[in-house]
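Enquirer: Quick one: this structure, given as structure tokens, is what I'll be asking you about.
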Ligand code: ADP
């Protein structure tokens, strides 16, 4: 196929500290770049590789470029033109070497730092931790000479667009490079290193930054690539420490990474149920020793058998004197007599396989990075790709870099208020939530007449549905939300009433008061501590109302999925008949199916995605071991394809089937054609296993087994097929830290909602209180907003028959699965 002139020659590099998800960035940039008609390159060892360039010109030829004679037309020929250059497995399994400057490199690629890569060279990179193309801290790039060499190498290789993935240092470097570029080009022209044609052709450098940093320390973006995985590693360590801490009644001081940013420490403290926290942005009140001992003494007096203190690496007191984990330990041992230990997690925080979100985020951001480069003109700024709530955004690189520096500067100037104000609102909210759920004192208490009896329930089944209609499962984060609500209630003087076993339990008087200590370990517990009741017989609303009255509920907090939503709807509609329901009622969506209307996320879906990705990684490995195999994996999710689609994107599946789109013969025929094409262009004997994800309710006829059989039959000698159902494993064991933190944050907001609605109601005469419809609401995440939507309004966004929302933000992700899987490129639609 004749290659046309590439749109752009894009190179991608990873720099600074490594983070999980960097490989997903490279994969995304390479594949989307190719789809858009670009040539794609990787630069090894970060800026150092850019400075060194390719010293041996004879080595710059591709190792292999398989030629194909295809007797049919493919949709996007560039993919065939750029299928592989032979460096993928070298980068993955390359023999290491240390060069004269102490930089670790790959022996086989000695002297070659700018390498052309193709579609298959980045195959299976999603699940790899760290960065396969290497990273380094380059002193040379900090110098003008270094950057001059870097500019020359880019021009010599014909590269006119650069993607840099790294932390604030690396992006500062990118910004410096961008600013200096015109001067670098004119110097290169003057000293004869490049021609005047080159100087004209490369007058403008297109550059875009992606934030790969485990610390989540970049301003103007909510989440950096690698931070969710690092947090996961920390929380796994905390969960492990907790059991030994309880056994010996010990105190543990855990030091986590974060020089100028306390995000990891804060999120770990919230998700891990820590007792005390030290972060750089908000030093404790002086003297910290006394403050900490007082808090921990209160916790011990309440009966806690363990103590956990989290210290960010860059923690200090208000005078900027560092606070080290060892110091904290000494204070705990000497002043409180606690058997105390220090655990420094160090590099384990960086490592390991990326969690689902560290595959999805870099994939989406990689797409946006290539788009930004293609749209760049000399007059547009260079962008950093970020994320705000649930939106991928472009931010001028220079602004993000300056703002990030401003936080560090504010801390250095002891202006902690300013440092906090420069952090995103979520950071501030989560810090507030940590205090509200960990402190055990009277400073937050409301006056006696404002205190409420708040009922908390995990309803799972609809009040009036038959048992067979009741689907769903406990979702990760339900217990964390309950713990947060109970602790908040206790802090405010409210009474948190736990209703066990849903509405059945309510009728059976299975109600008790939650204590501060009882919920202590609930952060990390999967399942539902309050229990749910699947087989719900018809119950009378009158009996429910009687129980509301008997137990004097002032408010109801429902944590659950579509059933909780429907229950709320029914209770709200029944207000006309039952005064007992004229109380504030709020529903916090928690379901792995993520099928509650309007909200973009439910508690539990992050945990579930992680379980899916874990299972798919294992399956894919086994499929690869047996080579030419297609594995059809079935997921839960009811009539909602969220988990299947996002799971497929995160696991690198080539196809996904959802109930929303259904399956028909035409779809299957094209999918078979795609799989045949795909396997036929693999190197013989080196085909890899491929994954297809199917939601359990995508089709009544084309079941997982049937699809697998069709693939097997049609695959002939090219490939065979197996299938597996993930079933209940997707409910996840231990909730993910992101689910736990989200649970705490949203639960706090629900409590504030209840208080404000109760205050409105309290203005009416006691016996005649009539709640307005906005007092029965669902807390929903909509783009960058968190909105309490009255349950009545929710109905217009609900598809009650299929038990899901009518519109979904993630529907375009199915297309993306097909783009990254190669389906879009190979089969004309
Ligand atoms: P991180 O990107 O993880 O914050 P560093 O701060 O070590 O890591 O930065 C990584 C690399 O970025 C440095 O080794 C250097 O090559 C480059 N870099 C950082 N700051 C600058 C700068 N001001 N000018 C030029 N290059 C820089």
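Backbone N, Cα and C define each Cβ position, glycine as well.
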Enquirer: Figure out which of 17, 21, 33, 303 sits with 137, 138, 167, 168, 169, 170 in the ATP site per TrEMBL.
Expert: 17
Enquirer: Look at the substrate binding annotation in TrEMBL, where 213, 214, 215, 257, 258, 259, 313, 341, 347, 348, 349, 350 are given, and name the residue from 250, 335 listed for that site too.
Expert: 250
Enquirer: Near ligand 1, which of the binding-site residues show up if the criterion is a Cβ under 6 Å from one of its atoms? Options: 167, 169, 170, 259.
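Expert: Once distances to ligand 1 are taken from each Cβ, 167, 169, 170 fall under 6 Å.
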Enquirer: Tell me, by DSSP, whether residue 348 (substrate binding site) is helix, strand or coil?
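Expert: In the DSSP reduction, residue 348 (substrate binding site) maps to helix.
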Enquirer: In sequence order, what residues of the same chain, 6+ apart, have a Cβ less than 8 Å from the Cβ of residue 138 (ATP binding site)?
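Expert: Long-range Cβ contacts: 15, 45, 46, 47, 48, 51, 146.
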Enquirer: Among 17, 137, 138, 167, 168, 169, 170, recorded ATP binders, what is the largest CA to CA distance in Å?
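Expert: 14 Å is the greatest Cα spacing among the residues binding ATP.
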Enquirer: On the 0 to 100 scale, where does the mean pLDDT of the region 'N-terminal catalytic PFK domain 1' (1-439) fall?
Expert: 90
Enquirer: Could you state the whole-number distance in Å separating the C-alpha atoms of residue 348 (substrate binding site) and residue 167 (ATP binding site)?
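Expert: Residue 348 (substrate binding site) and residue 167 (ATP binding site) have their Cα atoms 18 Å apart.
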Enquirer: What is the Cβ neighbour count of residue 168 (ATP binding site) at a 10 Å cut-off, with all protein chains included?
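Expert: Result for residue 168 (ATP binding site): 25 other Cβ atoms within 10 Å.
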Enquirer: In Å, how long is the longest CA to CA span across 213, 214, 215, 250, 257, 258, 259, 313, 341, 347, 348, 349, 350, which the record gives as the substrate binders?
Expert: 32
Enquirer: Do you know offhand how many angstrom separate residue 350 (substrate binding site) and residue 137 (ATP binding site) by C-alpha?
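Expert: Counting only the Cα atoms, the answer is 16 Å.
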Enquirer: What is the total of other Cβ atoms whose distance to the Cβ of residue 137 (ATP binding site) is within 10 Å?
Expert: 16
